[in-house]
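Data block below; observations after.
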Amino acid sequence: MATDNVHIGEIEKFGSHAHRWWDPDGELKTLHAVNPLRMQFIQAHTSLAGRKAVDVGCGGGILTEALAKAGADALGIDLSEDLLGTAEEHCRESGLTVAYRQISAEALADSQPGEFDVVTCMEMLEHVPDPASVVAACTRLAKPGGTVFFSTLNRSLKAYLLAIVGAEYLLRMIPRGTHDFASFIRPSELSRWARDGGLDLAGMEGIGYNPITGQFHLTSDIGVNYLAAFRKPAAAG
């Protein structure tokens, strides 16, 4: 059964950035900077051409459009009307074919279970009251043999110092108040929720940042930001 797994304050907070979501030099420039790494990680674990993909918590559509450009039949879902409006407008300007819906992961999983080859949920789990519910919904959305991707922040001292103190207050890479440390998720927690739904871990990598060069990179260090890929076992027979 679908739940109202939503934090209205979070929706309003991110919706307030809708008008500059696609500005690569704006408040959310970090999303633009890390998106190529997200795509690199995704494409290392699955092909996208001709695949049916859903981007959960798509925001203004940065990753959703990248999935479509790589050949996926992409659907982006979010609960922010403002962000979906931004996503749809940018999609039209880009000449891409992307579908967007204002619906929760849980509700979509109730209506379209097992329909997607690829499920992505990036930088979203730490912004909902019940992240385990979203993980379960993403699992249900995936076809047998499909791949489910998450990215979030580790609940570690290093993440607090770098992602909050450093990124929000010292370097001002992202708006202050973007993150709540208590909502960060340890890799062991994410892996347990995924296992509970029957997913198998396929890979996990961190996202590192070099403050001297201003460049992001994939790394084996999952102490701060990390990406995880899980596979849903293929149907027997």
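Our numbering is plain: 1 for the first residue shown, then up by one each step along the chain.
Just so you know, glycine gets a Cβ as well, placed from its N, Cα and C.
What Swiss-Prot says about this protein:
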type: BINDING; residues: Arg38, Gly57, Asp78, Met122; note: S-adenosyl-L-methionine binding site
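Across the residues the record lists as binding S-adenosyl-L-methionine (Arg38, Gly57, Asp78, Met122), the two Cα atoms farthest apart are 19 Å from each other. The Cβ of Asp78 (S-adenosyl-L-methionine binding site) has Gly57, Cys58, Gly59, Leu84, Ala87, Tyr100, Gln102 as same-chain neighbours under 8 Å, each 6 or more residues away in sequence. Within 10 Å of the C-beta of Gly57 (S-adenosyl-L-methionine binding site) we count 23 further C-beta atoms, all protein chains included. Close to Met122 (S-adenosyl-L-methionine binding site) in the fold, though at least 6 residues off in sequence, lie Arg38, Asp55, Gly57, Leu63, Phe149, Phe150, Ser151, each with a CB less than 8 Å from its CB.
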